[in-house]
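Trainee: Questions regarding the structure given below will be posed in turn.
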Amino acid sequence: VWTLEKRGEKPSFNTSFDKALPTFTHRALCKLEENNYLHFVISQNIDGLHHRSGLPLSKLAELHGNVFAEECEVCRAQVIHPKSVGSYCRKRTGNVCNSLKSRNKSLSCRGKLRDTILDWEDPLPELALNMSEQHCAKADLCICLGTSLQIRPCRDLPRKTRKNGGKIVIINLQKTSLDSLADLIIHERCDHVMKYILDKLHLNLNEKPSVFNVSKYSHVKKIILLSGKSKCGRNFIGKNLAEQLSASLLHINDSLKHEYEKIHNNDTCDTDEKHIIKWAEEKCREDPTIFCRMMIEHNDQLCSSNPIWIISDIKSYAEIEFFKNHFNDRVLIVRIEASNDVREKRGWNSQADIDNTELKSQLCMDHFPDTPNESIIESNSKTEDGDALDPRIQIELERLNHANEAINQLELQRDEARKTFDNFRQKAEDELIQLEKSIGDAVPKSRCYYEARIKLRDAKEILIKAKHRFERAQELHVAAKELAIVSADFIDEAERSHQNAAAWNETYHQALAKAQDAETEKYQADFDQQAAQRIFSETEKLVEKLQKDLQRSINKSKPYYEMRVEHHQELDVSQAETILQFQGLFVWSIVNVVECC
């Protein structure tokens, strides 16, 4: 790349983002993170390879965005997709956010989603930049991998490590802008250096975890397992549910075929379905849940970012038990049924006898034990591509669409009100600019006088509040003292009559405590009142002095400042009306959402 750039030529890339794979360095960083050597990664790349390699999102800041990610413009939630979004420069993608609201868990956010790729003029994401600065500031060692450190503010992040006593190591083929600050500079390929580091730490990159790490997927809220015979409508229903719920649709068969093609050379080996099923049966005898784990591993990025999974092609009791053991009551089993006549109309060949193989004998789910988390959906001949879903599902989808339309209408009217308000404000600003030009330099000269008057008004309000507070504290102090005196008198009388002496004694002590608190509050309120009076007097003298010194400029600029006050009042009224209108639309929309959902 650098050689071509020096020649004035552009590099050519034949690999798309979707097909790009993590390098040895990406995987090595994950291994270092797993063993607590690495605490945080800051990336300027948009390829999403760090997350695809298995690095947790909580330990990753992608400052320039991720081509696989969308972000909600309302709640700031991120959605990671298995394929690139196809949009750049923070544009709306046409999708909506389905994450649950923090206050009302029954309602989804429905905010518009945007891609996360920054344009040249866009500021860096505030949250990611703050996290990067914090981690760099407390890091003992900052390693700069494969970067020339030329783009601000990213290039200045290692300086925070140096400022707090940490060390800087730069690994890059060329010189960088921070070479003078580095404790160690290595001009070598990152993969070679990372391999050397792993060898020194005795870490094997090829090691595979033998146990499924369910803690990695603690964010998952619901897993829907779809089962049913061939051509029962399982894939059609799963696809529609995934679209409506913004869920991750996973196919166990896809991972099965992927593993089969990986082991066998599919150019020379027979890939007939019967051969694949026979091979899968042998693998399942050795490990009944192997393809469940493979499916999650192959779709790790998708599974790590989405709280709802829809899993199709469930084949056996063991696979259901795998999900129930790891995800407990978050699992919902849905069995889709269809008659043989309906299945034959959809292309199922009853003579092929695929349903009767040893592995697929359990695919039918005909003998699964009843469970409270199991639902049955009957798929008839009408449930084909382009036709309706099960009526119960269709009703819920229609309700969701009505709610979405209500919210979209609200957004359109909100945008229109905001546009009207902005136009009004711009018109007022233009009028003020023209008037200031006609008056001349009297406006800036007298500005300090009008600013001092604003301070005087604020000081007067503070003084009035301080006086009210002092008067209130004084009244409470007098009342508490009177209660203490009355209680003391009744204590003497109660002791002589031997009636309620203990109760009056307690009342007396409580009154004393209140009197002490009230006295403290009175002294503090008096102190604050005197301070407010002093500030008010000083500001009042300043206003009088400025009025005397700038009398001519004040008189000349008076029309400008009167118009400014008038415009501000009109803007405040317009803004209040806009807010009231928006609140009315919001209430109307929420009522529709509640009724529809």
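For all residues, glycine too, the Cβ spot is worked out from N, Cα and C.
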Trainee: Examine the ranges 78-112, 148-182, 393-427 and name the one recorded by TrEMBL as coiled coil.
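Mentor: Here TrEMBL associates coiled coil with the stretch 393-427.
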Trainee: Among 221-276, 333-388, 501-556, indicate the range for which TrEMBL gives the feature coiled coil.
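Mentor: Spelled out, TrEMBL records coiled coil over residues 501-556, not the other listed ranges.
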Trainee: Just to verify: the residue among C72, C75 with the fewest other Cβ atoms within 10 Å, which of the binding-site residues is it?
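Mentor: Among the binding-site residues C72, C75, the lowest count of other Cβ atoms within 10 Å belongs to C75.
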Trainee: Specify the count of other C-beta atoms within 10 Å of the C-beta of H64 (active site, proton acceptor).
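Mentor: Result for H64 (active site, proton acceptor): 17 other Cβ atoms within 10 Å.
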Trainee: Count the other Cβ atoms sitting within 10 Å of the Cβ of C89 (Zn(2+) binding site), across every protein chain shown.
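Mentor: By my count, 13.
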